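J.: Would you mind keeping the following structure in view while I ask a few things?
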Amino acid sequence: MFDISFLFIGINSILTLLGCFINLFLCYLAIFQSPKAIRTYSLVLINITLTNVGACVTGFLLDQRIIQSGKSMLYVSYGYCSLLGEGFCFNIFAAYLHFHTHALWLLFLSFVYRYYVIIRQEPTKKVLQISVVIVYIPSLIQLISMCLQEMNFDELRSLSKEVVPQYNLTGLTITGSLDFFTFAPFYCLVHMAIISFLIAIGIHILRKMIINRMVLNGVDVTIRSRNLHAQLLRTLSFKATVPIIYYFGCIFFILGRIWINPIFEFSIFVPTVIVPVLTPLSAFIHVAPYRDFVSKMFHGRPKNKTVNSICIIPIISH
């Protein structure tokens, strides 16, 4: 009989390795190929790519599923973190979750930055760096609280035999939480689901406000800068759909509470490995300097684009 775990392990491995490569490449472009008009913003982009790399590396090390029973959650790891024991696997899991929440906060900061540039002026690099640190605080609290969480690994393994006696989990690393209403797992759950939902709403509100400002009032920048800002907005508009992908994971999480099924248990993590692959692709497609660099790599010359002042309206209206 086919073991479904091999399918999900393969999906996880391919997507996380692909995500590492794509994000490292975009990080290189953001550092060395960003035009002056978006060089300050590239600081946020660099942080996003490095956060995505962290999510991909930890995801590759985990290869995890979640088994739920009442107030308890069991995390079963199939990845290389198992070589260093349960404690290491759990800390990797804590890092994995905090990378994803921080990436969402950085996405929110991206929209705040674009709106601020339109209504005032571009902030200094120092202000932007401080902003990145501030939005990291909620995810840092989540990481520290989870790493300091105490757990009895023998008790968790015994619980797994009671909850899912039909599963053969011999030799696998089992961590988790006996009561997710304790501070660390509950804070993580609220941060991943409720606060992330509010961030997603804020992102879509900001996107609409940015479009209204640019279309109705115009932007006091040069023609070339207007085009670059419009391209960035197309990128951010694509990224605004990213939080929706996370909620497929929430759906599988809820289904996993109702039915004990390995497909639901593995599928909780599939959306979280898809997101770091999709988010950088938008920059390759919509930001002309990056797109031209990639086109030149593969075709020997960039695609010719006509830049003019009227192209901004159709670009931001999609």
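Heads up, the Cβ atoms here are built off N, Cα and C, so glycines get one too.
What Swiss-Prot lists as transmembrane segment is 6-26, 42-62, 92-112, 127-147, 186-206, 236-256, 258-278, and the listing cites sequence analysis.
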J.: I need to check the long-range neighbours of the transmembrane segment (92-112): which residues 6 or more away from its ends have a CB within less than 8 Å of a CB in the stretch?
T.: 41, 44-45, 47-48, 51-52, 54-55, 58-59, 61-62, 64, 75, 77, 81, 131-132, 135-136, 138-140, 142-143, 146-147, 175, 188, 191-192, 195-196, 199-200, 202-203, 206-207, 210, 236, 239-240, 242-243, 246, 272, 275-276, 279
J.: Pairs 6 or more apart in sequence, C-beta under 8 angstroms, 3 or more of them: is that satisfied by the transmembrane segment (258-278) and the transmembrane segment (127-147)?
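T.: Taking Cβ pairs at least 6 residues apart, the transmembrane segment (127-147) and the transmembrane segment (258-278) are not in contact, as fewer than 3 fall under 8 Å.
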J.: Below 8 angstroms Cβ to Cβ, which residues of this chain, lying six or more residues outside the transmembrane segment (186-206), approach it?
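T.: Residues packing against the transmembrane segment (186-206) from afar: 97, 100-101, 104-105, 107-108, 111-112, 114-115, 138-139, 141-142, 145-146, 180, 240, 243-244, 246-247, 250.
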J.: Most CB pairs under 8 Å with the transmembrane segment (6-26): which of 42-62, 127-147, 236-256?
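T.: Stretch with the highest Cβ contact count: 42-62.
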